[in-house]
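The structure appears below as structure tokens.
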């Protein structure tokens, strides 16, 4: 039997291997690997781009770093000439969950779906070249389907196969109800791949079942089967749960550079390399060097984390904003450890006040003379910077952190 | 709490009880009995007929006595002023089984469905007054349903509930595949009751699950729930399996009177009373007397079976045909026991032949003298009637059964 690889030139062979190792990088599972390679080879031989599918839930349009794991992978495909197919699952979103048993899924209006999709696309533009992306709403082919079509679709899948999905299996075992209509979600997602003739579908590892439905239905409907390329799930800042808006453990790609930098600095050490690999666009060789340096102790975890934070801010706000965020973070936070639960106080902004007066007014010093003594001893910091001049006046801008000794902090906000 | 019964007059109360005991007669299960009684009472109070539903599979239009069990029950409702709703499941029949795993269900064309339905209705006319029956094809409301409607319908039922159906449960336990689309059959049947606002649905006990789906969906869609009135399944002539065309153990209501009478005579003794109760229209008091007489030995089983056979033929072909079929049966079969597997021989019809010649030609006697001796000893019968004249000539009409001694039989058919 001849294979597609036999007809490749040496140069084409190298190109197949280059793309294959690039696309495989960081992936958790590829089902099946050899088909991915064959598809890349076919694409190079015929000079036709591969169709790379990503399905999107229209109900949660705030994009965070957890989402960018697949977006970064899509960008690699795009940069190598392949075609990105984004599918908004508006049909699912418009229907919602009729049983009301899953609190997470509420019925969306057409208008909400459209607006959420626009929010998505604007944010995706920070990672992908949206002018080269195909956009699809699956209501286009799902809404007009009639009972007869649905019976035919349902005839191509067994109940036992659907029950294999982890959450269905667990709920049935626990005696928790599964509404019949929930079986349609994987069916719809699978049928989308039939309609769009996708070559590869991307998703997190939690999407394995649904993405394999695409392979199943493509085969049943006489199409070439797509490859499932599953990326690891990125944990959130708590280091435990999957990053998600509902857990409030996320870094949103629309967040302010300072906020983004600060959040990235709180990534647990154990997850740092994972964040480098999945949430940045650093090239493979640099990632390897970073990993080695961290393991050898050549690179201090704090420095590594600053590089991570700067890289992430730079990806979404540019180099200048990243530099400013880093500088600010250093000046405020890095001279000493700050507690997370500082008391906050409102203070009239824009009006100069002497530091001595400030300390007594805030009851951080019992008297003006004591306040002066504290300054002279080097025990007072403003925004992390030691105060040495007992005559110093300051003006409260947006925010000022006042520190006395090692343990007393107060955050002032301009009124 | 006041109930519907409190507002009934004494006379109306009696009428409710009369109808209730009539409709309950012979039923295997009524779910729930008290709702049936309340519905009858409501109908009498408001002077509105109850809507009695029967669903029909359009793929097997040959009506046999097994079907008449529910038809006879429908007739009782009809004779008491209630409205019969017959539903042809043409939508199901038109779609067929896409997996091809159930050999029984093949896809029907619109034309076949229509023709089968007509065949049904013509036969039903022998039991029901078809001018007072509502006819429905469920494709009318099922075919135009779109994905959104189906999702909504499916959201009203759980997978666990569907899995409770005996055959699904058994197949899953045995690892046999259930196609997802098979779940739609009970859904469709249930939804039919929502659309038609049926008060009572009739069926065999094997329809309990599907009929209860009607109650379930009516409730979910805010309708009054129907009552399930389930009739016992009538065994076939083998006395074991449910009567069905595929088992060839049936008495068709379109069959020739002679065939029908003969088949009815072969009903096993143990099932005779069940046939009387479920397959005839004899009134309750006569049924009770028959049962008593059979149990007391006052009525010989053969005489009871002749009454059964005559009653059945009379129901579908009239009294005269029944009398003729009985007379013919007696003259042929009842002088001696006939084996079922007689050898058959073709013989030139319409031409007289002497019995002696016949016996030797058929090798029922080794010689003419021996043939004569057998006749003189009374050992030869034609169609059950003893031959005494050794000179007798006979002409083969349609069929002639020749018997020599107790064990040798031969059936001659005119050529």
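First residue shown is number 1, and so on along the chain.
Each residue, glycine too, has its Cβ placed from N, Cα and C.
As annotated by TrEMBL, ATP binding site applies to A:245. Summarising the annotation, TrEMBL assigns domain 'RNA-binding S4' to A:354-415. Per TrEMBL, motif ''HIGH' region' is recorded for A:58-67. As annotated by TrEMBL, motif ''KMSKS' region' applies to A:242-246.
For the motif ''HIGH' region' (A:58-67), the residues of the chain that approach it from at least six positions outside its boundaries are 88-90, 92-93, 104-106, 108, 112-113, 116-117, 119-120, 123-124, 233-234, 236, 242-245, 250-254, 275, 279, 312, judged by C-beta separation under 8 angstroms. Counting residues per DSSP class in helix, strand and coil order gives 16 helix, 21 strand, 25 coil for the domain 'RNA-binding S4' (A:354-415).
Remark: secondary structure over the motif ''HIGH' region' (A:58-67) totals 3 helix, 1 strand, 6 coil, with classes taken from DSSP. Cβ neighbour count for the residue listed as 'ATP binding site' (all protein chains, 10 Å cutoff from its Cβ): 15.
For the motif ''HIGH' region' (A:58-67), the mean pLDDT of the prediction comes to 84.
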